[in-house]
Amino acid sequence: MAESSESLSASSPARQRRRISDPLTSSPGRSSRRADALTSSPGRDLPPFEDESEGLLGTEGPMEEEEDGEELIGDGMERDYRPIPELDVYEAEGLALDDEDVEELTASQREAAERTMRQRDREAGRGLGRMRRGLLYDSSEEDEERPARKRRHVERATEDGEEDEEMIESIENLEDLKGHSVREWVSMAGPRLEIHHRFKNFLRTHVDSHGHNVFKERISDMCKENRESLVVNYEDLAAREHVLAYFLPEAPAELLQIFDEAALEVVLAMYPKYDRITNHIHVRISHLPLVEELRSLRQLHLNQLIRTSGVVTSCTGVLPQLSMVKYNCSKCNFVLGPFCQSQNQEVKPGSCPECQSAGPFEINMEETIYQNYQRIRIQESPGKVAAGRLPRSKDAILLADLVDSCKPGDEIELTGIYHNNYDGSLNTANGFPVFATIILANHVAKKDNKVAVGELTDEDVKMITGLSKDQQIGEKIFASIAPSIYGHEDIKRGLALALFGGEPKNPGGKHKVRGDINVLLCGDPGTAKSQFLKYIEKVSSRAIFTTGQGASAVGLTAYVQRHPVSREWTLEAGALVLADRGVCLIDEFDKMNDQDRTSIHEAMEQQSISISKAGIVTSLQARCTVIAAANPIGGRYDPSLTFSENVDLTEPIISRFDVLCVVRDTVDPVQDEMLARFVVGSHVRHHPSNKKDEGLTNGGTLEPAMPNTYGVEPLPQEVLKKYIIYAKERVRPKLNQMDQDKVARMYSDLRKESMATGSIPITVRHIESMIRMAEAHARMHLRDYVMEDDVNMAIRVMMESFIDTQKFSVMRSMRKTFARYLSFRRDNNDLLLFILKQLVAEQVTYQRNRFGAQQDTIEIPEKDLMDKARQINIHNLSAFYDSDLFKFNKFSRDLKRKLILQQF
């Protein structure tokens with residue numbers, strides 16, 4: 001019996017092992033039932049690292065095992081107690097004996113061991129289907145294995161029971177908010193972790209249409225430049241992760257915080273040491289589909305992601321803002337913190353945990369972390385403000401690396417979170433609680449003409465290129481400028497060239513030469529000068545209209561004022577800065593005082609404005625075309641005086657204008673009658689009750705071609721606007737094939753005549769003006785090179801501008817001297833009509849002086865007209881006599897007496 005008891009005790013380990021293992025492996029049916037019993041047992045909720053065998057074999061388990069398992073007590077039970085030497089010995093491997101010294105683990109060794117144990121227990125638990133991802137341990141570890149683990153877990157979940165279907169729902173049905181709001185849902189741990197994983201996977205795997213990894217290249221470029229902003233296209237996010245794109249505008253603050261954390265992990269996975277440069281990566285959202293106007297922002301936009309546009313009118317300096325703040329207890333010098341400072345409220349400690357005192361507390365300047373802070377104000381773009389409305393403005397906050405991304409005068413697109421904050425001054429002013437609103441910027445993009453070109457469709461581009469191949473496109477564009485204004489072809493030609501503009505040059509980044517063409521209109525009252533400016537304001541993509549009487553020097557350039565809240569000096573942009581890359585229109589230019597007028601000298605030539613006030617020394621861009629209108633001294637233009645004697649402007653300001661247009665109100669019975677008919681017909685045609693021609697007033701062909709115009713059909717105004725935008729952005733004409741000798745000869749001739757007549761001074765600026773106008777004429781035809789025709793047109797415009805500013809006594813002789821330049825692209829009939837009108841005017845003056853009255857019929861001998869025509873190389877007048885131009889001006893021929901008659 002002693003031997004049997006010894007053998008029983010010696011074989012007890014083997015017996016215990018067999019009792020556990022044999023029933024589970026006896027048959028496949030039993031194993032499946034046993035697995036069900038295991039997964040549903042109370043041991044599922046036991047804490048880790050405990051002996052789980054007690055939970056697996058509970059009180060109910062053995063009862064089922066005795067019914068279904070093998071019979072252990074019987075005739076063959078002695079076999080269970082037979083000695084098996086290899087199984088009757090405990091394993092000694094890995095066990096430390098009592099007499100052995102065990103070395104104490106270091107911190108790194110202990111951490112590695114615990115990581116291995118956690119990995120083992122996690123795999124063991126998942127193998128049994130007992131635990132879900134992220135519940136036992138922090139699932140933020142081993143990020144490199146997560147995508148693969150996630151796929152394996154989803155595959156296992158499809159094969160397991162109802163318990164694991166809940167896990168699939170939490171991953172696949174993230175859009176099911178379960179009755180919560182979006183902001184509450186994304187703040188929970190489960191959805192927050194899933195959003196983190198999805199966005200991280202999006203950054204790692206998103207490819208473009210060519211198969212290139214988009215964000216790998218962007219992150220590489222970002223790290224090369226040591227930046228901390230990663231731009232994500234909202235359209236790409238919506239295409240891949242539509243749930244995240246749905247959550248983002250509703251809860252932007254929470255989502256962007258998760259995105260920033262995920263982006264930082266992706267960046268550190270690619271560049272592990274990038275945290276030495278920055279500890280934060282900011283995800284910037286671009287191309288948000290819906291663009292809101294500043295005046296349309298309402299309370300429903302609060303705390304949502306919005307996209308708006310406007311012009312920056314003022315900006316503060318870059319200030320340090322508290323990010324992570326630490327406090328010193330003044331009584332015990334204990335350091336409290338760090339406290340994360342948010343934009344909405346100030347965080348202050350209540351009591352000191354060391355001495356239990358309630359303060360006072362001082363900010364620890366050395367250990368506190370700051371971030372960059374800048375406040376800007378954006379205003380609605382001038383072209384988007386409805387008539388009679390004041391432009392709205394809104395403040396925006398730029399943080400981190402967004403500071404100094406724009407300056408006053410820039411037109412920007414701003415994506416950010418629309419916040420409200422408490423403002424005590426508003427409560428005092430209104431008498432009841434209201435909140436001020438502000439935009440916390442997330443992404444800032446400068447707008448230029450490329451955005452305008454991007455709005456053109458393929459059909460528009462095809463139509464524009466087709467129009468450029470028309471031989472008469474130049475005349476059509478000239479005729480399309482202000483078609484509701486009668487006559488003034490030279491002014492329309494100059495304004496058309498100014499709208500297209502030349503090409504700016506900056507050789508080596510040292511000296512910048514402007515490409516914009518400045519135009520000055522001067523003449524008698526009632527000659528449509530202001531109407532021309534108003535027309536340019538409508539047809540230009542970006543225009544600022546101001547008057548000389550109401551504009552001061554700082555109103556035109558820029559000024560410095562103290563911010564009412566922060567009490568610091570801020571820079572405010574004036575009209576010329578706001579019109580950057582556009583047109584600045586100044587009416588009543590002569591009403592400005594000299595001090596205000598000299599302030600725009602730099603803006604008109606160097607196209608920049610230097611500010612040195614209140615400690616702010618800077619330079620702002622003013623790359624705009626200046627078109628001004630002025631009245632002569634005394635109200636009417638005196639042709640017996642030169643231009644500079646008629647206008648109260650100094651020579652430096654006159655020489656900065658490329659084109660000078662003199663508008664004179666001369667008495668001509670025929671022209672006056674035609675003008676009156678034109679005006680009356682225009683009023684009748686555009687009356688609101690006239691429904692028949694309603695379509696023409698909305699951008700169609702406004703007026704029929706008049707005989708004194710270019711004789712071609714004008715372009716619709718919308719087509720003209722698109723044509724100008726396309727030409728200014730896509731065409732860059734070069735001067736390779738330009739006739740330089742012709743320009744040099746003409747410049748020397750102009751200098752001689754200028755010195756002899758004492759009229760406006762001719763300077764080197766006029767050579768640059770001719771080059772700019774030649775480039776503008778080439779751009780008008782969408783040509784890449786300046787041709788001889790472009791140079792001839794520029795010389796003709798320059799000559800007409802120069803001759804119109806002369807005294808009447810020298811104007812005729814000068815026209816004869818420069819006739820070869822003035823005759824370019826002019827129809828012979830136009831030249832002959834001009835000569836014939838001069839002969840009629842001389843005859844009218846003769847009759848008034850001799851008879852004291854004017855006769856109803858003026859007779860001009862054909863021989864006089866023939867002699868004048870031969871001087872400009874025109875020998876055949878039959879085509880002129882048969883033309884409509886001859887008949888429309890009420891001329892007729894008496895063939896017997898060989899006279900030309902005009903009836904008044």
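Yeah, the Cβs are placed from backbone N, Cα and C, and that goes for glycine too.
The region 'Disordered' annotation in Swiss-Prot covers 1-166. According to Swiss-Prot, the compositional bias 'Low complexity' annotation covers 1-12. If you look up Swiss-Prot, you'll see Ala2 marked as N-acetylalanine. Swiss-Prot lists Ser12, Ser21, Ser26, Ser27, Ser32, Ser53, Ser108, Ser139, Ser140, Ser381 (among others) with the feature phosphoserine. Taken from Swiss-Prot, the feature phosphothreonine covers Thr59 (among others). If you look up Swiss-Prot, you'll see 61-130 marked as region 'Interaction with DNJC9'. Annotation comment: Swiss-Prot describes 62-73, 88-104 as compositional bias 'Acidic residues'. Here Swiss-Prot flags Lys178 as SUMO2 cross-link, drawing on similarity to another entry. According to Swiss-Prot, the motif 'Arginine finger' annotation covers 655-658.
Known features from Swiss-Prot, placed on the structure.
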{"residue": "Ser108", "record": "phosphoserine", "CB count, 10 Å": "8"}
{"residue": "Lys178", "record": "SUMO2 cross-link", "CB count, 10 Å": "10"}
{"residue": "Ser381", "record": "phosphoserine", "CB count, 10 Å": "19"}
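In this structure, the CA atom of Lys178 (SUMO2 cross-link) is 43 Å away from the CA atom of Ser381 (phosphoserine). Here Ser381 (phosphoserine) is positioned 61 angstrom away from Ser108 (phosphoserine), judged by their C-alpha atoms. Mean pLDDT for the region 'Interaction with DNJC9' (61-130) in the predicted structure: 66.
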